[in-house]
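Student: Could you have a look at this structure, given as structure tokens, before my questions?
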Amino acid sequence: MRRAFFAVALLALACLLVRAARVGLAGDYIDPISKITAQDEALYSHSAMAMAREGDWLTPRFMGRYALYKPPLLIWGAALSTKLLGVSRVALRLPGMILSALALGLLFLWAAELAGWQAGVIAAALLLSNHIWYSLSTLCLSDAFLVSFYVAAFYALFSDPWLESRAALWGFAGSVAAAILTKGIAGILPLAVLGLYWIAARPKERPHFFRLVAVTALACALAAPWFLYQLGMHYRWFWTEHIAVEILGYGAGAPPQTSRETQTSFYFMRLAVTDPLLLAAAFSALPAYLADLRRRTSASILVAAWMMVMVAAVLGWQYRNASYLLPLIPALALLTAGWSPFAAPRYARWMVVGLAAAFLVKASSPTLPWGLNAQAGTVQPAAPPLSAYCEQGRGNPLIIFDIADDLYASALPLPRLRYAAVVPIALPAGPYGMPFPDMGISVTVDQFNNLPRYEPEFRSRLQAWGLASGVPIATLITARSPEEAGALVAAHPDTDFLVPAAYQAAVRSALHEQVAATPHLFFLLSRARIPRTSPAAWTCRM
């Protein structure tokens, strides 16, 4: 089966590579229902490229500031890949694709051991043709890393329910540690699955309690050094951003949402719409699966623990995101392959044919919520004009209003980039944001227009937060009205701007050259062009 494992993983990787090479950076939707774009991909990519260039491998940064909202394993992988292969969107996405392909191979082996090689093919086909898995596995995002480590941990437990072998013990602990270093608190969920499995399984089919404690301690010991380093070196920043904002704010608080749906309706709608075939197939497996569960077979209990913990985590975490469904997708594929009557040897051949046909139908419908999009291009309208702007070789600073590019420009080799936002009311950071105005990372128009006067104080405040650099100062400028945004443009004739059409009247008196970018965006280019002092360090076509 080893050859089959590698064959399946390589086939999956080939399918993922096609999409990764064609879809632009931050160029697809995370949520095809609400049309939420993959903004975080640009953020992680910027951090990875900065890490590879500047060499601070322990502390990720974004636009000069510390970026400690997530642990760094994804950024380490992407940075190492770009260091070895050069900067490109494929290089940034390659580590996640490799892990996803290997996880798909493990799922193939798992289902094959449960119900024969045909079941393995069915599990792999269901996973590969799932919109959420296919999309997230080809982006530089933490979700693919996290779920791949979940699958590896659960497969280790399935292969050796007692965790007696060194391979199973270290495989489970190492996978959990990697998951923690990928997404923090979400990485400990396999330990909850292990605990639930230990409670529900028969005594002869579960690890000894000492093994349970040992594997938990080992996983925590492997993951702990990075967290201890940050607590020691950047305590204030790490505690505020990683604990207070990311975990307590977005996880346990009442953060702003992208929709008004309830937790249950939000996730069920997206699960059903993005892959109705998988959901229907999983329902067909329930009678046989529940019969096995009543008999307390170890495989059925493990799958039940997997799904129960993930559902509880998704519904309990207060911020809603369609990508949080990803850990359930392999479990549903395994449930179908292992227990559906259509995956039995008598019907398996026809189900494989049906899944192949479904894959082709999905691939031919890339714009639908359940489609598989491998088309060249991007859903981010600002990306092509920004790439073209980058290729002009202008050395002028660029300011983008209202983050109209979903941070795409932060991944381009631009000499100096800032963002501006029109925010009518000054809001305190609260539990859902860092105090960037106090640090000078976010400044008002008046502060930016008189930056030399304020900069020494901002540097001092950043130093108090443990950041001895002025690079992040004024990376975000806040205007209180479109008219104040117009005043910002007028005060900086040597700066280029990307402006939403809604502010057309406010900037009409600017001396810049106006150039259309998209139907809803336009450039204001300084008439005093500054040539770049050095060529672009990497491609402008991300």
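Every residue gets a Cβ built from N, Cα and C, even glycine.
From TrEMBL, for reference:
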type	residues	note
DOMAIN	70-222	domain 'Glycosyltransferase RgtA/B/C/D-like'
SIGNAL	1-20	signal peptide
TRANSMEM	66-85	transmembrane segment
TRANSMEM	117-134	transmembrane segment
TRANSMEM	141-158	transmembrane segment
TRANSMEM	170-197	transmembrane segment
TRANSMEM	209-229	transmembrane segment
TRANSMEM	267-289	transmembrane segment
TRANSMEM	301-319	transmembrane segment
TRANSMEM	325-344	transmembrane segment
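Set these features in their place in the structure for me.
Tutor: The predicted model assigns the domain 'Glycosyltransferase RgtA/B/C/D-like' (70-222) a mean pLDDT of 97.
Outside the transmembrane segment (170-197), and at least 6 residues removed from its termini, the chain residues within Cβ reach (under 8 Å) are 70-74, 142, 145-146, 149-150, 152-157, 163, 206-207, 212, 215-216, 218-223, 226, 242, 246-247, 251, 301-302, 305-306, 308-310, 313, 327.
Same-chain neighbours of the transmembrane segment (209-229): 58, 71-72, 162-164, 169-170, 172-174, 176-178, 180-181, 187, 191, 194-195, 198, counting only residues six or more beyond its ends whose CB sits under 8 Å from a CB of the stretch.
Among residues of the same chain six or more beyond the transmembrane segment (267-289), those with a C-beta under 8 A of the stretch's C-beta atoms are 31-33, 126, 129-132, 261, 300, 303, 314-315, 320, 322, 324-325, 328-329, 332-333, 335-336, 338-343, 358, 369-370.
Under 8 Å from some Cβ of the transmembrane segment (301-319) lie the Cβ atoms of residues 150, 154, 157-158, 161, 186, 189, 192-194, 196-197, 200-201, 250-255, 257, 263-264, 267, 289, 293, 325, 327-328, 331-332, 334-335, 338, all in the same chain and six or more residues away from its ends.
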Student: Relative to the transmembrane segment (325-344), which of 66-85, 117-134, 141-158 accounts for the most Cβ pairs at distances under 8 Å?
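Tutor: Stretch with maximum Cβ contacts: 117-134.
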Student: Residue list, the transmembrane segment (141-158) vs rest of chain: Cβ under 8 Å, 6 or more residues beyond ends.
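Tutor: Distal contacts: 38, 40-41, 44, 70, 73-74, 77, 95-97, 99-100, 102-103, 106-107, 109-110, 113, 133, 167-168, 171-172, 175-176, 178-179, 182-183, 186-187, 189-190, 193-194, 197, 298-299, 302, 306, 323, 326-327, 329-330.
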